[in-house]
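These come from TrEMBL:
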DOMAIN    202-254  domain 'HAMP'
DOMAIN    258-329  domain 'PAS'
DOMAIN    380-453  domain 'PAS'
DOMAIN    454-508  domain 'PAC'
DOMAIN    521-743  domain 'Histidine kinase'
DOMAIN    767-884  domain 'Response regulatory'
MOD_RES   Asp817  4-aspartylphosphate
TRANSMEM  12-32  transmembrane segment
TRANSMEM  176-200  transmembrane segment
Amino acid sequence: MSIVKGKSSISTFISLLVLGAGFFLLAVYLTLSYGYQKAQFRQSSENRLNFIGPRIIQVTQQLITLDARDGLDQEMQSMQKLPGVGLIAIVDQNNKILYSTDTSLRGQSLDSTDLAIAADLIAKPEDGINQTVYQRGALQQMLGVFGYSKPDARSSNISHLVISLNMQRTYQSLRLALLSQALIIGLLLIVVASIVWYLLQRVVIKPLQEIIATTRAIAEGDFTVRSHLSVNNELGEISATLDSLAQSSLEQVDAQNTQRRLSQVVNSMVDEVIVCDAETFEVINTNKAAQTNLRYSDAELVGMKPWQFVENHSYASMSNFLDPLLDGLIDHISCESLHIRKDGTTYPVRASMQYMEHQTPPVLVAISQDLSELRTQELHAQLCERAMDAVSEGIIITDAGQSTRTMVYVNQAVCDMSGFSLDELLGKSTQMLRTSNGNQIAFSKIADAIKKAESIEVQIDALKKDGSAYVTEVSMSPVFNTLGELTNYIGIHRDVTQKLLTEEKLNQAQKIKAIGHLSGGVAHDFNNLLSVIVGNLELLKTGALDKAQLARIEGAEVAAHMGAHLTRRLLSFASQQKLAPIVTNVNDHVRNAAALLAPTIGETITLTENLATDLWSTLSDPGEVETAVINLTINARDAMSQGGTITFITANITLDAQSMDGALDIEPGEYVRLCVMDNGPGISEAVKARIFEPFFTTKQDSEGSGLGLASVFGFAKQSGGCVEVSSSVGEGTVVSIYLPRHLSEDAGLHKSPGTLDEPYHSFSDSTVLVVEDKAMVRELTVHQLQSLGFTTLEVENGVKAIELLESGVEVSIVFSDIIMPGGMDGYDVAQWVKENRPQCRMLLTSGFNGPADWQEGNTEVTDLHVLQKPYRLDDLRNALHETLK
């Protein structure tokens with residue numbers, strides 16, 4: 001814009017402003033004056049109505065009373081001529097117009113005329129009999145309603161007098177008068193505005209031209225320019241100010257550059273910077289970090305209050321919090337809080353606030369650091385620590401820079417494992433957890449791994465706080481920092497004490513199992529040999545020549561039967577002894593065994609009982625129960641050379657996985673426990689490790705076979721239980737047999753196939769096929785069968801037996817050994833017979849005594865009679881008779 005245009009526009013603007021202000025004041029004056037005069041006129045009209053209304057009431061009531069209708073009409077016509085009077089009407093109680101200055105309205109309802117508003121006044125008698133109202137709008141009339149009082153009989157139907165005054169003509173004359181005044185004043189205002197315009201041109205515009213030129217030069221960087229105005233007014237002061245402005249402009253430019261650089265630094269900070277008014281707490285400035293973190297623009301943040309984006313704060317709480325800072329008691333405040341983003345989410349910050357009272361206005365500056373990433377790292381660290389405390393393995397981290405390997409971290413598992421608390425372990429050497437003996441090889445390996453900074457796994461004998469020892473497997477690895485420098489070692493510790501004990505028990509069980517298989521095999525072969533011996537001895541007895549020969553044969557028979565008894569004990573240990581379990585109460589058989597033992601146990605031994613009165617039933621072989629008690633009692637007696645006490649104890653016991661803790665080789669459940677306890681010298685750990693091995697004994701060679709405890713072990717295992725030995729040297733011994741509880745009470749004895757309940761059949765018309773792989777046994781068996789009157793056929797294996805049967809030969813009974821070479825055992829033969837020759841009977845025999853050698857057989861034929869080797873001729877006769885029934 002040019003200077004001329006500036007001059008013209010300023011002077012014109014001010015002149016028009018003066019003129020506009022004058023016209024505005026004129027309009028205000030006219031409006032107020034018009035309103036005031038209208039109000040005065042309405043008041044005078046209302047007073048006029050209140051004056052003439054009662055008089056018209058009085059005149060019209062007299063005329064109505066005199067029944068002077070013509071006079072009343074004349075009076076109405078004369079009243080209409082009064083100045084400003086519009087309509088006058090007399091209405092009855094139903095608002096029907098009886099008399100009116102406008103005769104055309106007579107008989108009409110008041111509601112249908114311009115006087116309708118009067119009906120509303122008449123309907124409100126509580127407002128008084130005489131009322132006036134101003135009706136605006138197109139009618140612009142003043143209404144007066146006056147009631148007739150005490151009407152006589154002639155005027156009883158009249159009710160009210162309604163008078164209207166016309167205000168329009170009066171208002172029109174009032175407006176014309178005010179318009180004349182407005183024209184005169186408007187002309188005067190135009191004259192005044194012209195004078196103002198002229199004065200502005202002379203006094204203001206010309207000096208402003210010089211000031212504008214000077215200002216433009218300064219704006220262009222010419223700080224030597226001067227305005228040269230000497231007038232003694234405000235424009236002169238402006239000119240002087242321009243001179244000083246030119247002098248200080250360079251300094252201001254330098255200050256602005258400095259401030260700009262500072263602003264850039266603040267805006268580029270990663271921490272939030274928020275500046276607030278110290279009085280109102282309104283935000284004045286923010287940097288980019290604050291805008292980014294809070295997700296508000298700068299325009300949105302400016303004017304906000306801190307409690308709008310700081311959680312759990314209000315004006316009152318913020319004031320109380322900042323009072324010490326604002327009062328100068330402290331120079332800054334540091335705290336942690338939560339900032340609220342625009343979307344409502346929060347994030348943690350650490351804020352530092354300072355009060356700058358010398359600023360204008362005084363401000364509070366808050367610098368806040370976003371702690372989100374730090375909190376995430378802390379949570380991750382806490383999670384890692386909780387996770388390491390949750391694992392069952394112990395974790396120890398040591399300082400690699402110290403030769404003593406000081407512990408800098410241990411998890412809870414280490415504390416639980418060792419019995420030491422966290423405070424007792426941290427800062428201490430790992431040597432406090434190790435025993436001094438038995439670790440030299442492990443220590444040497446660890447030292448070598450440390451030198452090479454390698455991982456290693458070793459087994460160490462460790463020491464608990466209470467002095468007890470335990471075995472731990474340690475997996476140790478080096479830890480390097482980001483520069484590849486060795487800083488720590490981490491060790492994973494596993495308490496393997498129980499694991500080693502379990503492995504030892506498993507190894508012992510496997511060892512016993514292997515010995516059992518070996519013993520069972522030996523017993524099987526020995527039974528075959530005994531079968532030949534016993535059978536031939538029986539045949540020799542029938543042809544003995546004299547008593548001496550018979551005595552020698554009978555002596556050989558006794559020896560053979562002792563050998564058979566020995567094999568039965570071996571088979572019992574190998575869980576291959578055939579049992580005859582019945583539902584039984586163990587207490588009964590403990591008492592039976594005690595009664596047998598009492599006379600022979602010896603005078604130095606005392607037998608006592610502590611038997612449960614409510615003992616559960618078991619499904620077990622009562623003979624084996626008594627034999628087990630006798631064997632254990634004899635072992636206890638032999639161990640107590642100086643005498644002592646042996647106690648028989650029975651009890652009900654319920655075992656769960658937690659209470660067993662792997663100590664017993666049985667399933668959790670309900671058991672009857674039978675204990676034989678002595679107060680003898682006890683058993684060493686070395687002896688306990690081999691105590692169930694067959695033929696192992698601590699007695700003299702001539703005093704024991706070493707099969708007593710082995711047979712007890714086999715009986716318990718075969719009955720679904722186990723045996724536990726608790727003993728220490730000098731503290732006596734307790735041998736406990738666990739037998740499963742039996743809930744059903746209807747089980748009976750398993751009848752032996754050799755029991756004869758009926759007379760013998762005649763065998764002369766029966767043919768027996770003998771299937772036996774051992775030639776000596778087969779030859780003897782054929783001879784025995786023929787002596788019983790049978791016709792016999794013989795083959796050496798199952799394959800040939802089936803080939804013979806397929807040929808159609810007549811066979812009454814197939815008498816087969818169970819275990820045979822050639823890929824087909826006795827059960828395979830029995831299955832084939834059942835499917836292809838169902839009319840043919842089947843009898844099995846075996847050197848084994850129980851179902852262990854039948855486990856691989858066909859389950860459909862395992863209910864067949866099995867005659868145990870060695871057997872007598874009578875046993876064979878009874879079994880054949882039972883088979884043919």
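Yeah, the Cβs are placed from backbone N, Cα and C, and that goes for glycine too.
Small disclaimer: the values here were computed from a predicted structure and weren't measured.
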#### Entry: Outside the transmembrane segment (12-32), six or more residues from its ends: residues with CB under 8 Å to it
178, 181-182, 185-186, 189-190, 192-194, 196-197, 200
### Message
What does the DSSP secondary structure composition of the domain 'PAC' (454-508) look like, as residue counts for helix, strand and coil?
### Response
12 helix, 30 strand, 13 coil
### Summary
If you count the other CB atoms within 10 A of the CB of Asp817 (4-aspartylphosphate), including all protein chains displayed, you should get 25
### Query
When you scan the chain for residues with a C-beta under 8 Å from the transmembrane segment (176-200), skipping those not six or more beyond its ends, what do you find?
10-12, 14-16, 18-19, 22-23, 26, 29-30, 33-34
### Query
Mean pLDDT over the domain 'Response regulatory' (767-884): what is the value?
83
### Summary of DSSP states over the domain 'PAS' (380-453), given as helix, strand and coil counts
39 helix, 13 strand, 22 coil
